[in-house]
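Trainee: Sharing a structure below in structure tokens format, with a few things to ask.
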Amino acid sequence: MAELELGQHCGVPDCRQLDFLPFICDGCSGVFWLFTSEKMADPWQECMDYAVGLARKAGEIIRGALKEEISIMTKSSPVDLVTETDQKVENFIISLIKEKYPSHSFIGEESVAAGERSILTDNPTWIIDPIDGTTNFVHRFPFVAVSIGFVVNKKMEFGIVYSCIEDKMYTARKGKGAFCNGQKLQVSGQEGLELLVQQL
């Protein structure tokens, strides 16, 4: 889908009143996403802000589950684990996004593992790993994250990784850099790999 400037190829009456809507152009039969002037500068920021809030709420579910007995199942192999919390968190995230953005698509790790088809189209698509680090979660190690990606026209617009035990929110927006809890992340100027050390 292409981003359409207001009025361009548009056969829809009063198109300037439409807000963030897909439509099919009568002239070229293409499917476009139409934005008001306020959203044309960065039309997906609202989605990113919403995703950050969802990740925090999902983190609350995960932290609560760590206080209870964890029900464990396997997927493709004995070391490929899934828990009821994985499924609960994914369903929670997808249901709320569907409510707010009913025209968007989804690819969820647990849904795909359960047999749903994983098809990436040009449609705005949310890619969700509800518990990134399930093995750590099962063993109650603190390195567990909620991961949410957002793709439009098969290109990544933003990504969020919320390390919910550490309460670290990593965000990255196309063209705007990456941040941890609002502080911009910087790469090292060191070019020699032998001298590089990553602090965790």
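If you go along the chain as it appears here, the first residue is 1 and each next one adds 1.
Glycine is treated like the rest: Cβ placed from N, Cα and C.
This is the feature table in TrEMBL:
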type	residues	note
BINDING	Glu109, Asp129, Ile131, Asp132	Mg(2+) binding site
Trainee: In sequence order, which residues at least six apart in the same chain have a CB under 8 Å from the CB of Ile131 (Mg(2+) binding site)?
Mentor: Ile62, Thr83, Thr85, Asp86, Val89, Phe137, Val144, Ala145, Val146
Trainee: Using a Cβ cut-off under 8 Å and a sequence separation of 6 or more, which residues in the same chain sit near Asp129 (Mg(2+) binding site)?
Mentor: Gly108, Glu109, Ala145, Val146, Ser147, Ile148
Trainee: My understanding is the cutoff is Cβ-Cβ under 8 Å with a sequence separation of 6 or more in the same chain; which residues meet that for Asp132 (Mg(2+) binding site)?
Mentor: Val144, Ala145, Val146, Ser147, Val161
Trainee: Let me check the 10 A CB neighbour count of Glu109 (Mg(2+) binding site). How many other CB atoms are there?
Mentor: 20
